[in-house]
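Pulled from Swiss-Prot:
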BINDING   16-23, 64-68, 122-125, 152-153  GTP binding site
LIPID     CYS206  S-geranylgeranyl cysteine
LIPID     CYS208  S-geranylgeranyl cysteine
MOD_RES   CYS208  cysteine methyl ester
MOTIF     38-46  motif 'Effector region'
Amino acid sequence: MAPVSALAKYKLVFLGDQSVGKTSIITRFMYDKFDNTYQATIGIDFLSKTMYLEDRTVRLQLWDTAGQERFRSLIPSYIRDSSVAVIVYDVASRQSFLNTTKWIDEVRTERGSDVIVVLVGNKTDLVDKRQVSIEEAEAKARELNVMFIETSAKAGFNIKALFRKIAAALPGMETLSSTKQEDMVDVNLKSSNANASLAQQQSGGCSC
């Protein structure tokens, strides 16, 4: 196995309104679990995972951002050096879908076209409460020239597919000729303290 230090690193920033499931998607991907107890993300959380695929390996740095308005001023600094922006909405919340336009605009303002943007419709398990059709979301993705996928962090639906889709789109990935393992985990869990304004916040973890 190639040493971790040799891996190319890619920064993924998760953006979207509060309670759309950004943290739940990350938690399902990292640990294959789902927490029904909702706790809002405070500021920015950071985790990393090394993915070993059939012919390549990548180190994904996952930055989980708070959706609350009071933390919006912190987000541009995390977007600026990102490789991927994952814009999440709740398929049962039309407003969260409409708001993805401003999230994408914010990413494009900071990064131009030099970033991969993925639109993610989460909570597909809420079948009876769906307010956004897959056809409408696909049309928006085409219009804005971004990738698109629907997921359910609760059911574990399409979570691995989301990250495989991202990995396949990343430039300059290293090739492993002999590695056949998949989804081996190298976890580093931190809470960012780069912003003094977060020092007064009490972090209760994040589960959504």
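All positions are counted from 1 along the displayed chain.
For all residues, glycine too, the Cβ spot is worked out from N, Cα and C.
Location within the structure of each feature annotated in Swiss-Prot.
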{"residue": "GLY16", "record": "GTP binding site", "CB count, 10 Å": "24"}
{"residue": "SER19", "record": "GTP binding site", "CB count, 10 Å": "18"}
{"residue": "LYS22", "record": "GTP binding site", "CB count, 10 Å": "30"}
{"residue": "THR65", "record": "GTP binding site", "CB count, 10 Å": "23"}
{"residue": "THR124", "record": "GTP binding site", "CB count, 10 Å": "19"}
{"residue": "ALA153", "record": "GTP binding site", "CB count, 10 Å": "29"}
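In the three-state DSSP assignment, the secondary structure recorded for THR124 (GTP binding site) is coil.
Mean predicted confidence for the motif 'Effector region' (38-46): the pLDDT average there is 60. Classification of THR65 (GTP binding site) by DSSP places it within a strand.
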